[in-house]
Each structure stands twice: as structure tokens, then as C-alpha cells.
Amino acid sequence: MGDNRWLKNSFVYLIILVAALALFFQYLGPGASQTEEKGIADVIADAQAGLVREIQAQAGDEQIIVTYNDGKKYRSRLESADSVMRLLADYGVPLRNEQGQRTINVIVQPAPAWGGLLSIFTILLPTLLLIGFFVFFMRQAQGSNNQAMSFGKSRARMFAGDKPTITFADVAGQEEAKQDLAEIVEFLKFPDKFAALGARIPRGVLMVGPPGTGKTLLSRAVAGEAGVPFFSISGSEFVEMFVGVGASRVRDLFDQAKRNAPCIVFIDEIDAVGRQRGAGLGGSHDEREQTLNQILVEMDGFDTNTNVIVIAATNRPDVLDPALVRPGRFDRQVVLDAPDVRGRIEILKVHVKGKPLAEDVNLEILARQTPGFSGADLMNVVNEAAILAARRSKRKISMAEFQDAVERVAIGGPERRSRVMTDRQKLVVAYHEAGHAIVGAALPKADKVQKVTIIPRGQAGGYTLFLPDEDSLNLRTVSQFKARLAVSLGGRVAEEIVFGNEEVTTGASGDLVQVTRIARAMVTRYGMSQRLGPIVFGEKEELIFLGREISEQRNYGDEVARQIDEEVHAIVSEAYETAQQILLQNRAVLDDMANALIEYETLDGEQLEELIRRVKPLTLDFSKSGSTTPNGRTEDRPAQPDAPQMGLGGPSPLPA
């Protein structure tokens, strides 16, 4: 594409035109003949001597072509605009002999219709070229100026509504959100129906939710269903290096929208420009605030009669300016969350359309294996499965490709079978992963073990996949948290039991980070400590739909901090003892599973179930624990969805 950029330059076309004219005059224009030139006096003398056979002339042209008796041709030029006949008569050149036969054949051709114009053009060509160069350079200078002035124009992309490409049929897994947005479609299609009852058309809809849940897709589906134009722009496209550009682009965007009303304006990632004024980590930002003020005026200012609906998407609703999200601007908030199992089935059905599937593919099983996956994750799973099937030269996508794709998306990265591991490393990783699996199988409150492997994938030397219960994604009990802590410590405990304290590796580093985070959250966030009570310690500012804390204000003293550390240590120690007790009771199963992993590298299905059935279950007694609550349940924010968990989250263990 970049190689053809020079074709768009008008200067190139000007050069081509000049070259074409030069070639025309050189080979096709007047005087293009290559015959030899002879003076008119010599021609008259030769004619008097009877050496000339024919003279060709053209009306209005001074040039003549003389043909001699021997066939040679010469060019000559008349001294004036007089005709050839008069010139020959003046010099007494006879055109006929005594017998009346013509001795010199004089041919006078009429002037061509374009000859005069061509002559005029030939004379004016240098002047036209100078004017052309002048206009060209003036336009270049004007273009540079217009480019600078175009900063104030909106960068929104418009999609016509007469040919919708996306409708509600293309969106699955968000039925409640579709119902809310279906009313927006009715507002756009039948505004009189609501106006007759005194209902006011909503000015805006704010869609909030984690990344990949379909906010942009739903907004385009609304435009497709309503059959109206759709303007799409990102919140970061408003503010530029020049002052006032953001407000100018907002005005231009809404001017375009009003000219195409009824229509939809979609602003993606509106938190980039709609952040609360005078707030944030960097303080105030005059240009961004000026842009936000213009958005506020356009959405609910003096001109409120336009049929333009603004749909905005963000995963940071907590930082938006209160004036932006008030009723009258964004009248509705539509929350999109990770789909449940029924939603995932419908999403998978949408994405597998047009793809050849093998007979063993079961979308319901696949949906149950992907709790916490967003719509974008499921789309990626289907695409990765298709890529794997093509790589394996298959004509249909089988369940094996879908299983590999789920692990690839959940853990990150392909299997690294080419990675060379020593026998010692394989042994350590095998016992580590077997420890995770056996502890998980022995605890009733733990997630179900789905697969154990020592094949490296991504940055993990091996991993254990657990299938969380759908009901536990939003609500976690104390027993579930403690079971998860014990499972996470199972790999470290297995290494200690088999190889001793001095031979424990760094393979459990990721597990220890996860254990510490969960235990501290139980004490400081969920109030699951009898010693400290149901109190939240520390005021946290969080990214609500991103699952990361960006700051925490400490609102407790040193003594309370010491007690928190003691409680966290007690919870982790209890989980460590639980994992140790389970593995000591099931040492034979631990050895057999580790040996099977070394031999087969991956255990799943019936082979894994046979080993798990031999594990002796253990029921935790929380009556003596110092970290329970009266009801034993707490709300777990959906900010950190539990995708299939892997036991070994960090780098592979170092050789002992």
C-alpha cells in the first residue's frame, strides 16, 4: 500500500502530462518529419530546371514538401503566407509543357480543424506549465494548512444503517442487557409511540463490565436493529496536542450526528475523557476537562430536541464524573458480566457457525469447562481450535482441538514439548502437580480436578487444571477458601515430604503469592477472622471490573497490623498442615500419580479418575479455627473470575 503512495501525488501526474506532450510534438506534431530541408530559392531553381515532380502544401501553413523526379523529398518553407501557385507563377515556373501535360503536380491540402488550436496550445504551453507549477505549490501549502486545521474535525467512523451487519441475533449470553437495549431500538423506530404518553427518549446508555463481555458488539447490534446510522469513536481520540481540539471534535461529532438523526453515537472507553474533574492520580487536566464539559453540554444542554442516543462503554465506572452519569445524560446503566453456562453455550453456538465440527464436539461440555470465560475468550477458544485443526491437517474441528484451545487461552501459550527437562526436573514437577491434584481430590469443598500434566506450557513447568463449580464463582464460603489454600500449598508440601526441606524448589513461588493474597483478603476484606471480627481493614481504591487494587489507605495502627499478620500466618499454617496430613495419608497414591505423570506426561479422563478414587477424603474441622464467621459465607466480587486453575503458576522448578 505504501508503494502506491506516490501515485496519489498530483505532481507526478503533471510530469507525466508534460512528457506526453513532448513526445507528441516530437513524433506526431508539425515538423515531425525527418526529411532534409532545402531553401525555397533552390526549390524554385530546381523547378525551373524541370527536376521537381510534386509539391505538397497545406492551407495556412508555410511549410511545403517537395518531391523530385528521383523520388527524394525535401522540406522547405515559404517566405510569406502566399500560396505555392502564386509563387511558382511569379518565378515563371511552368506547370504544364507544350503538349499540355502537367510537369509539376501541386497538391494543396486543407488545414486540419485542430491545427489552429494546436498552434495556439503550442504557443501557450510554457505559460500553462508555469501556471500549473504555481497552482501545484499553492495547493501543497494550502494542504499543509488544512491538515493543521483539520485537527478540530471529528475522527468518528460512520456505519450506514440501511445495511446492518450485526443484529441481536449475533449477540449471545447477555439476554438481560439485550432486553434493556431493545427498548432503545423501539425509541429510535417508533418515537411517536412514546411521545404520545409523555415519555422522554433516553439521552444515553452507559454499558459497564469487564473487558471482552461484548459492550461494543451490543452497541453495534442496537444500531443494526434500529436501522440507523452508527458513529463510533474512542474516548482517547478527542484530546490531542493542540488546545481546544477535544471540544471542537465533540462539537463536530454531534453536528454530524444531528445531520444524520436519528442515529447512535458510540464512545468506547469513555473513562479516557470522562474522568472526574480535578481528580485522578495526575491531578486536573484542563484540556480533558474542557472536552468533558463540551460533552456534558451536547448531551443535555439547551438543544435537547435531537433524536441522537449516546452509548458509552467503560470498565472504570468508578472514576467517571458524577455530572456525566446523572439521569438526563446517561439515563441507563447496563451491566455486562461474564456469561453463565447457558450464556456460554449460546456464545459458542454463534462462533462455531460456518465451521465444520466433528461428531464428538459437545458444546455443553465445553461451556462447563470454561467458567469465568468472557465472550471474547470463547471466541478466541473457537478460533484457536480452528487453527489447531488446520495445523494438524484435519478437515473438521474435533473436541481434542477445543480442549487444547481452552488450556491455551486459560494458561497462556502453547505446549512447549521441545523444552528439554532433566529426569530430576521431571520428577520434581511430577510430585509437585500430583500434590495439587491429591489434596484437591481429598477435600470435598475443593474444585474438581480435571487434568494433570508435566508438559510445560507458557511459563509453567507443569500445571493442574481444576473445574470450579458454577455456583461458587460469585459466592465463596470459608471452607472453600481454606480448601483452595490447601490445594495451592499441596505442591510445596509434596516436594517437602518427598525430597526434604533442603530440596524444596522455587516452583511454588506463584502458589505462595496466591495463598498469601487469599489469606490476607479473608482477614482484611471479608471479615472471616473471629479474633478481629467482621471488619474491613484498609480503604482500597480498586479498578472495579479489572480486578486490581491500585491504592490502599491504611486506617489501622501497628498493633492491629501485627494481629492481621498473625491471623494470616495462622490461616496459611492451618492450610499447610491440612495439605501435609492429606499427602501423608495418601503417600502411595502420590507416588503412583507421580510415576504415571513421568511415564505418560498427562493424566486426564478415566486414567486420572482411577487414581483419584483411591484418595482418602478429608473433612476439615473449622470449630477450632480462628478464622470463621457466623454464617460462613461472604460475597466475592466478580472482578477476579475463576477460570480453570493451574497448580503451578510460576516458572518451572529449578533442578535440585
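Every residue gets a Cβ built from N, Cα and C, even glycine.
Database features, via Swiss-Prot:
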{"type": "ACT_SITE", "residues": "E433", "note": "active site"}
{"type": "BINDING", "residues": "G209, P210, P211, G212, T213, G214, K215, T216", "note": "ATP binding site"}
{"type": "BINDING", "residues": "H432, H436, D511", "note": "Zn(2+) binding site"}
{"type": "COMPBIAS", "residues": "622-632", "note": "compositional bias 'Polar residues'"}
{"type": "REGION", "residues": "622-656", "note": "region 'Disordered'"}
{"type": "TOPO_DOM", "residues": "1-10", "note": "topological domain 'Cytoplasmic'"}
{"type": "TOPO_DOM", "residues": "32-116", "note": "topological domain 'Extracellular'"}
{"type": "TOPO_DOM", "residues": "138-656", "note": "topological domain 'Cytoplasmic'"}
{"type": "TRANSMEM", "residues": "11-31", "note": "transmembrane segment"}
{"type": "TRANSMEM", "residues": "117-137", "note": "transmembrane segment"}
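With respect to Cβ neighbours within 10 Å, the recorded positions E433, D511 differ, and D511 shows the lowest count.
In the three-state DSSP scheme, G212 (ATP binding site) falls into the coil class. Ranking the binding-site residues T213, T216 by how many other Cβ atoms lie within 10 angstroms of each Cβ puts T216 at the bottom. In this structure, G212 is the one among the binding-site residues G209, P210, G212, G214 with the smallest number of other Cβ atoms inside 10 Å of its Cβ. Closest in space to G209 (ATP binding site), of the recorded positions given as H432, E433, H436, D511, is D511, taking the CA atom of each residue. Sequence-distant contacts of K215 (ATP binding site), defined by Cβ-Cβ distance under 8 angstroms and a gap of at least six in the same chain, are M207, V208, G209, D268, A313, L336. Here the residue listed as 'active site' is positioned 32 angstrom away from T213 (ATP binding site), judged by their C-alpha atoms. Put simply, D511 is the one of the recorded positions H432, E433, H436, D511 whose Cα lies nearest to the Cα of G212 (ATP binding site).
Counting Cβ atoms from all protein chains shown, P211 (ATP binding site) has 12 others lying within 10 Å of its own Cβ. The distance from the Cα of G214 (ATP binding site) to the Cα of D511 (Zn(2+) binding site) comes to 32 Å.
Rounded to the nearest whole angstrom, the C-alpha distance between T216 (ATP binding site) and D511 (Zn(2+) binding site) is 36.
When the recorded positions H432, E433, H436, D511 are compared by Cα distance to P211 (ATP binding site), the shortest distance belongs to D511. Surrounding the centroid of the Cβ atoms of G209, P210, P211, G212, T213, G214, K215, T216, where the record places ATP, the chain contributes additional residues within 8 Å, namely A313, N315, L336, S374, G375, A376. Here the candidates are the recorded positions H432, E433, H436, D511, and by Cα distance the one nearest P210 (ATP binding site) turns out to be D511. Neighbours of H436 (Zn(2+) binding site), defined as other CB atoms within 10 A of its CB across all chains, total 33.
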